[in-house]
Amino acid sequence: METLSRLLVFMSLFSGLVSGFALQNLPITSFEESYTQLFGDKNLFVHQDGKSVRLTLDERTGSGFVSNDYYLHGFFSASIKLPSDYTAGVVVAFYMSNGDMYEKNHDEIDFEFLGNIREKEWRVQTNIYGNGSTHSGREERYNLWFDPTEDFHQYSILWSDSHIIFFVDNVPIREVKRTAEMGGHFPSKPMSLYTTIWDGSKWATNGGKYGVNYKYAPYIARFSDLVLHGCPVDPIEQFPRCDEGAAEDMRAAQEITPSQRSKMDVFRRRLMTYSYCYDRARYNVALSECVVNPAEAQRLRVYDPVRFGGIPRRHRNGKHRSKRSRVDGTESI
């Protein structure tokens with residue numbers, strides 16, 4: 001418990017850092033001016049200030065909303081408080097997509113929050129793909145250094161033409177740099193911002209072992225501090241209407257600083273539980289954008305030597321420490 005507290009303090013000391021510009025200076029948009037309800041009827045509720053939204057999943061339906069504009073690059077953020085108690089099978093998603101415009105070759109940049117059985121933590125999954133390349137998954141999964149059901153925490157996506165960075169409470173947790181070999185697999189078409197809650201019983205918790213139990217419904221996810229800071233664009237003409245301030249921010253946010261990278265490395269070494277870059281059972285050769293970090297690779301090999309080390313399952317020793325002990329972030333820093 002002491003080492004977990006130390007990790008919490010360590011991460012919070014640097015939570016004010018955002019690549020290239022100060023997040024606290026970005027304007028917060030109201031629901032009425034920037035978003036439209038996607039589905040869910042009365043399961044979406046906008047609070048009186050117009051700047052906080054409640055999404056509900058019950059026996060009837062989930063719910064969600066989408067930005068009015070498409071964007072070609074930008075910084076997108078929301079403070080989110082996740083449902084508590086038994087949440088197995090529940091998926092809360094905060095993501096960019098253009099699936100409504102490009103049904104067969106759409107792009108996505110995803111934050112997905114995967115519920116769990118009682119007394120087990122929510123897990124966070126990030127993913128990207130372009131041109132409908134869902135067969136080439138680029139997923140990563142993580143635990144968090146806090147309980148996301150107790151209070152609001154900030155989740156952010158920075159998307160430029162050269163890279164994508166995911167943030168949790170302003171701490172960078174993942175960077176994807178565009179490579180020539182990626183081709184159309186890097187998201188490059190205008191996208192809208194989506195926020196949803198829905199029933200993912202078939203896959204979200206332990207591969208579908210545990211589904212949504214509506215005895216615990218309604219499941220309520222709360223959102224505030226919604227930020228859309230980017231270049232709105234006509235999805236057909238793809239000509240951006242980008243103000244100079246947003247354009248300057250994108251130019252300034254091209255690289256993670258050495259200090260930020262150090263904090264990202266701490267997060268990934270302690271709290272990452274899956275990365276496609278190290279999944280030898282899935283990809284014999286890592287994809288072109290993967291930068292192999294020896295510390296990350298070693299930790300994941302210890303966690304699952306079959307998946308991350310390429311060791312045949314019949315060679316595994318039957319006695320191992322529990323998976324939880326390896327992924328809960330309580331190791332010494």
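Placed from the backbone N, Cα and C atoms, the Cβ positions cover glycine too.
Straight from Swiss-Prot, the features:
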- 1-20: signal peptide (SIGNAL)
- D110: site 'Important for catalytic activity' (SITE)
- E112, Q125, T126, N127, H135, S136, G137, R138, E139, K202, W203, G207, R282: xyloglucan binding site (BINDING)
- E112: active site, proton donor (ACT_SITE)
- 311-333: region 'Disordered' (REGION)
- 312-324: compositional bias 'Basic residues' (COMPBIAS)
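Taken over all pairs of the listed xyloglucan-binding residues (E112, Q125, T126, N127, H135, S136, G137, R138, E139, K202, W203, G207, R282), the Cα spread reaches a maximum of 21 Å, rounded to the nearest whole number. In the three-state DSSP reading, D110 (site 'Important for catalytic activity') counts as strand. The closest partner of D110 (site 'Important for catalytic activity') among the binding-site residues, by CA position, is T126; the full candidate set was T126, H135, G137, E139, R282. Of all the binding-site residues given, namely H135, R282, the one with the smallest number of surrounding CB atoms inside 10 A is H135. Most buried of the recorded positions D110, E139, judged by other Cβ atoms within 10 Å, is D110. In the three-state DSSP reading, T126 (xyloglucan binding site) counts as strand.
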